[in-house]
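Peer 1: One structure is given below, represented as structure tokens, and several questions about it will come after.
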Amino acid sequence: MRAEEIGWTAKIMVAKGVILVLSCLGVIQALFLCVYLFSLRDRRSNLLLAFLLLSLTVRIGKSVVFVYLDLDPRVRNLAIATVLATGPLLWLYGKALLEKQAFAARQYLHLVPFGLYFLLSPIIPNDGSLLSRILYPSVLLHQTIYLVVSWFYLFKVPVGTRLKSWYRNIVIGVSTVLLVYGGVYLGFIPFYILGAVFFSLLVYIFSYMLLKRHVFALEKYTSSTIDGATARQLVQQVKSLFEQHDAYLDSELTLKRLAEQLSVSARDLSQAINEQEGKNFAEFVNQYRIAKAKTMLADPVYAQEKVASIAYDCGFGTVTSFNVAFKAATQMTPTQYREQVKIESSY
């Protein structure tokens, strides 16, 4: 029996050691990401994301240390203060990322509760007294309100932008951390350290996404001042030109020529298409050309028309570029597509 107890004790110690290492690595990785974001400095959204990540890191770091050490109440209060910054920073980050408009100074008033709690942390009770039992739920409620606001803001953003997908992932991650800590506070989750473990896993996932998809490269237009509303309006103008005037049928259409027609810079037009449609200029134009080609290939009127003629009629400069683009979009060559349409129409 004694040996069995020793075995269980050893397993528990190993498990605690693994959790400690995993949590510490997550905190360190998060700090590296913060340093990277602060080093960019050329976009407000990068700085807001850095501060958001830093506020979460301080909160999680406190959780890791608190499990193993008895922290001074003032230190615990400083960590709780960062929770009051997390919600506003998440919402402000979304606005900076997706709207790219200058903030009015009053927007930063949302961080006043954080500032007050931070300054008063030496005298705020954190000893299990009635006041301390009221303050902590209030802090969690404050963060919950901003999370709800961030979700509503996310749903208001037009569908189809890559930046929206990235912001959605950030909101999901922060929401997950809040749910875990809320579950711990309410007693649904028995392990306090679980919040730090979840945070570490999220940091690893976000780091992987950044490396694989180059998310920060989504903001490569650092010198551009075009905001989300202007970008949407610009893309709508392009769509009107394509749908009402068939501008995409011009085989010599270029980004520069189209930008000149719209009286905007080629850089702004490229950014608008990239962010709003998730495509580069060539991909965006080719989707219209391919849709036109599919219509012609399926139309009996053009049954005797050569594929090359259809390619040129749809705005492609060469048959090769037409075949490559068509197969990439449909997984079939134009000839195979035409044959399939014939077979389906014969039934």
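All residue numbers here begin at 1 and follow the chain in the order shown.
Note: Cβ is positioned from N, Cα and C throughout, glycine not excepted.
Nobody curates TrEMBL annotations by hand; they come from automatic prediction.
Note that the coordinates shown come from a computational prediction; the quantities given were computed from them, not determined experimentally.
As annotated in TrEMBL:
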type	residues	note
DOMAIN	236-340	domain 'HTH araC/xylS-type'
TRANSMEM	18-40	transmembrane segment
TRANSMEM	47-69	transmembrane segment
TRANSMEM	75-93	transmembrane segment
TRANSMEM	105-124	transmembrane segment
TRANSMEM	130-154	transmembrane segment
TRANSMEM	166-185	transmembrane segment
TRANSMEM	191-211	transmembrane segment
Peer 1: Would you say the transmembrane segment (18-40) and the transmembrane segment (130-154) are in contact under the rule of three or more C-beta pairs closer than 8 Å, pairs 6 or more apart in sequence?
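Peer 2: No, the stretches stay apart by this measure.
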Peer 1: Below 8 angstroms Cβ to Cβ, which residues of this chain, lying six or more residues outside the transmembrane segment (47-69), approach it?
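Peer 2: Beyond its ends, the transmembrane segment (47-69) has Cβ neighbours at 20, 23-24, 26-27, 30-31, 33-34, 37-38, 40-41, 75-76, 78-80, 82-83, 85-86, 89-90, 92-93, 96-97, 170, 174, 177, 192-193, 195-196, 199-200.
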Peer 1: Residues sitting near the transmembrane segment (105-124): Cβ under 8 Å, six or more positions beyond its termini, same chain?
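Peer 2: Residues 74, 77-78, 80-82, 84-85, 88-89, 91-92, 95, 132, 135, 139, 142, 146.
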